[in-house]
Amino acid sequence: MTLRRRPRLSAAGLCSGFRPTGGEERRYGPCPGPRASLRGSTTIGLTGGLGTGKSTVLKFFGSLGAKTWNADEVVRRELGANAALKRKIRNAFGEVCLRDGRLDKKKLAAEVFSSPGKVARLERLIHPIVKKKLAAFLRRNKKSGVAVAEVPLLFETDFYKLFDVTACVVASPAVRRKRLLRSHRFTPQDIARRVRHQMPLSRKSARCDMIIHNNGTKSQTYMQVKKIMEEETWKS
């Protein structure tokens, strides 16, 4: 099903957005257009910033019957099992990324995030593989109801073009930082380096059709996902 882009829908059924200046959330009013249950098949590209809770939202979609796919999981598998990719990474970044002759993901991350040029070099190796597997997932599930793929770099790449609808998970900087320090054991320096290489959350949310707010409880976030699965505000 091809969906015409309309004003973005927030959790409360209100058109909302994040302004680039200061990141202040603004709410407007009920979105125009009819609301109908999702019919046929819809593909949703799910994105957001580091620490916004994208994977939690993806699990909620899955629990409500959507087919789900996670780009980060694909990258982890490929880094562990794809011998050709590991050889290319070793050739590109040298022995600094190895531990006892094997690819060390922490060392690789430290090396890559030291400069934008190195990030781009790694992405040129990995993104074609991810895109191929994403396209295969969407083909397999194009007639299976709702299919949701979590793609952190949805707009930094051209992957967004593969989807009918895009959704952005947002959270305040303080909440994101707390989650990252607690759950992922990132240092403040790690967080700063990684965030610097991603599109600002305000720009991502401005480009998406839907916004999912994830500052509150898991129950509150779940209800937003449930609402999206039950209704939508685009005309075919």
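Each residue's number is its place along the chain shown, starting with 1.
Placement of Cβ uses the backbone N, Cα and C atoms for every residue, glycine included.
Automatic prediction, not curation, is the source of TrEMBL annotations.
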>> If you look at how TrEMBL annotates this chain, which of 14-34, 35-55 comes out as region 'Disordered'?
In response: 14-34
>> Using a 10 Å radius around each Cβ and all protein chains in view, which of these binding-site residues has the most neighbours: Thr52, Ser55, Thr56?
In response: Thr52
> How many other Cβ atoms are found within 10 Å of the Cβ atom of Gly51 (ATP binding site), counting all protein chains shown?
Replying inline: 25
